[in-house]
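Here's what TrEMBL has on this protein:
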TRANSMEM  53-73  transmembrane segment
TRANSMEM  85-106  transmembrane segment
TRANSMEM  143-167  transmembrane segment
TRANSMEM  174-199  transmembrane segment
TRANSMEM  211-232  transmembrane segment
TRANSMEM  253-279  transmembrane segment
TRANSMEM  349-367  transmembrane segment
TRANSMEM  373-395  transmembrane segment
TRANSMEM  471-490  transmembrane segment
TRANSMEM  496-520  transmembrane segment
TRANSMEM  532-556  transmembrane segment
DOMAIN    535-585  domain 'Cationic amino acid transporter C-terminal'
TRANSMEM  562-580  transmembrane segment
Amino acid sequence: MDTASSSSWCACSTCSWCACSTCSWISVGVGSTIGAGVYVLVGTVAREHSGPALTLSFLIAGIAAALSAFCYAELASRCPSAGSAYHYSYICVGEGVAWLIGWALILEYTIGGSAVARGISPNLALFFGGPDSLPWILARHEIPWLDVVIDPCAAFLVFLVTGLLCVGIKESSFVQGVVTVLNCFVMLFVIIAGSYIGFQTGWVGYKVAGGFFPYGANGMLAGSATVFFAYIGFDSVASTAEEVKNPQRDLPLGIGTALSICCSLYMLVSVVIVGLVPYFAMDPDTPISSAFARHGMHWAMYVVTTGAVLALCSTLMGSILPQPRILMAMARDGLLPSFFCDVHEKTQVPVKSTILTGICAAALAFFMDVSQLAGMVSVGTLLAFTIVAVSILILRYVPPDEVPLPSSLQASFRLSQENDEEKLRDTLQDEDHEQGTSEISDVVIESVMDPLIEKQLYASKLDETKRRKTAACSIASVCIGVLVLTTSASATFLPFLVRCFVCAFGGLLLLTGLGVLCWIDQDDGRHSFGHSGGFICPFVPLLPVMCILINTYLLINLGGGTWMRVGVWLVMGVFVYIFYGRTHSSLTDVVYVPVAQANEIYGSASSSGFVA
């Protein structure tokens, strides 16, 4: 099993580009999470799935997202490094899996940012009088002979955000914070004004004939699966871990607080809007503004549209912000050219990676209608959520007992070995010269050479090895069981009895692995791995296993077309890894040392001013 990259042992307090406060990271998390989804999903999910129970759908989806947030919070505080899920899987699972996660995240952020940018121009056009009222230079134009609709406004906004991100993390997080606060004020306006109208009209939306659950509990759960994607975005906080002053405190607090704020706002907005208009009469495209219009408040459309534009701009910034850091982390591990890990001396930002990310996203937003590719965004997110939960299980039960030492510190390691050998040689020579030894020394030597003590130590080592093997097999059983269970449960084309049998087999594997993990002890090495004193994920192993189950189920149900397109991208990534990443990997010239010895070497290197 491959283990930590060199960057995982960087003490964040010594990094030169730690800059921002807890509030900044809360604003990054909220701004990256609250997008236009809340302005659109409310109507679609209420009409087609949950009805008035939309609030419960948002609550259940928020709880499901919180499972992943707990796992992210522990790994982010233990291993505060750029790359988020890529870096965590690199440490706990291995280089090959980490490469696929990083490659999928690159696709996610590129398409996600482009899709968001393409959605801003139609909303901006409403301020100029209608859908096609933007100035000519910013309006969409169709190229007949290519059957392509270009969007200059989307490309311009991507370049604008990219330039802002190149200025510095403090400046960009401040702007995102201002935009996020304004968007939150818009949502508070919707909640307060909508509540006033609701009390005046008697909340007609809750007096429909179908009751609170017109589609039943299954409809409410289906709505939860749909609105789950309104919560993705808090991982942007984890990807900027190296720019945090106190990662053990700020990262978990930023992730948890951002998710709590988003869940509260989503639920309050859904309570109000569903109460103003019956769910079957909602406009699926503009549910909030149309709800106010039905009650004579046509001017509120401009307030709501302002909120949608602000939310899209904030989400666009949150989509472009993490990708350069993931590219930088992959380049530092040798899997990509060193071009991507260059950090600007003045701004302390990976400017080259940021500019390249902006160019790719702007080109995609300018030339392509990425709405058909939007489903591919979910694949990268759910894969990342799943692998982070698996990494928590590995960290708790079979943490790496050896870590790779980079070539820059191998001289220190060899010097340490030579000093240890010289001390041992001097000790043996002194013992040869000494004729008499004290009774205490005799007792110590006899105790060390006592066959009974040696046997006990050997038995203890065998028990620990057996425990680690049992834990590894149990984690594998959980993963295989989840995959079999979710796949068979979603395979509606199979006969009913076959589905039941396969589901039972997958459930048995899952419960067996979970039961063994609950029965055996966790590894003592988890206390010393990475940075200590940060957030600890509760209810392990149950919480990570539930996270794996939910995310895998959502992955399986994304559809065959989405998986075919993502499969092409992943196959391309496999070839890139084979022909470049594998041969240039930083793991090809490292020396593996025990975790305790690695910490000692890094500590001595840091105290001497030597930076890895």
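Note: Cβ is positioned from N, Cα and C throughout, glycine not excepted.
Remote same-chain residues near the transmembrane segment (143-167) are listed as 113-114, 117-118, 120-121, 124, 134, 137, 175, 313, 316-317, 320-321, 324, 344, 347, 349, 351, 354-355, 357-359, 361-363, 365-369 (criterion: CB distance under 8 Å, separation of at least six residues from the stretch ends). The average per-residue pLDDT of the prediction over the domain 'Cationic amino acid transporter C-terminal' (535-585) is 90, rounded to a whole number.
With a cut-off of 8 Å between Cβ atoms, the residues of this chain six or more beyond the transmembrane segment (349-367) that come close are 17, 109-111, 113-114, 117-118, 148, 150-152, 154-155, 158-159, 161-163, 165-169, 319-320, 323-325, 327-328, 331, 339-343. Counting residues per DSSP class in helix, strand and coil order gives 40 helix, 0 strand, 11 coil for the domain 'Cationic amino acid transporter C-terminal' (535-585). Counted over residue pairs 6 or more apart, the CB atoms of the transmembrane segment (85-106) and the transmembrane segment (373-395) come under 8 Å in at least three pairs, which marks the two as touching.
Three or more CB pairs closer than 8 A are found between the transmembrane segment (253-279) and the transmembrane segment (174-199), so contact between the two stretches is assigned (pairs 6 or more residues apart).
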